[in-house]
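Trainee: Provided herewith is a single structure, encoded as structure tokens, for subsequent inquiry.
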Amino acid sequence: MRVLGIDPGTAILGWGVVEIQGVQATALDYGAVQTAKSLAAADRLAVIYSALQEIVARWQPEAAAVEKLYFGQNTRTALDVGQARGVALLVLAQNHLPMVELTPAEVKQAITGYGRADKSQMQRMVQRLLGLEAIPKPDDAADALAIALSGHDRHRMRDRWAP
């Protein structure tokens, strides 16, 4: 199964595509969509939309996983990230991709076995699980790969228990 993972953000949106066959997981590609601070909000979202459409067209994922929002008191950041997340969900819906949403703690639990793992633990485990020579950069791309790996497990469980 080929899964697209998305770590939403307006300034930087991380993405990663993994292919999982049996117990073997491979990172096909990953990166980050960066938008200029000088752009208007609508233009930043348009950049994200176009980039995600291109990624989906190029890699043809069978499913997707997107990180859920959690920002506590920082309402401004939550609103900005929520807009980018909405654009990502739109792209996935337009391309008829089954999608799961995961909290950061769910991703950490799935990847490291500990829901409160720190960023470096997560990154090292992603590197190990995907057999990469180095920790993926930028951090947003490493997070997106972790989301894709976790999303694969969630899709597999959902398919197994679907009526």
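Each residue, glycine too, has its Cβ placed from N, Cα and C.
Annotations in TrEMBL come from automatic prediction, not curation.
Residues or ranges marked as Mg(2+) 1 binding site by TrEMBL: D7, D140. Annotation comment: TrEMBL describes D7, E67, D140 as active site. According to TrEMBL, the feature Mg(2+) 2 binding site maps to E67.
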Trainee: Pick the one among the binding-site residues D7, D140 whose Cβ has the fewest other Cβ atoms within 10 Å in this structure.
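Mentor: Checked D7, D140; of these binding-site residues, fewest Cβ neighbours within 10 Å: D140.
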Trainee: When you measure from the Cβ of the residue listed as 'Mg(2+) 2 binding site', how many other Cβ atoms are you left with inside 10 Å?
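Mentor: Around the Cβ of the residue listed as 'Mg(2+) 2 binding site', 26 other Cβ atoms lie within 10 Å.
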Trainee: Write down the Cα-Cα distance for D7 (Mg(2+) 1 binding site) and E67 (Mg(2+) 2 binding site), rounded and given in Å.
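Mentor: Pair distance, Cα basis, whole Å: 6 Å.
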Trainee: Look up D140 (Mg(2+) 1 binding site) in the DSSP assignment and reduce it to helix, strand or coil.
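Mentor: The residue in question, D140 (Mg(2+) 1 binding site), is helix (DSSP, three-state).
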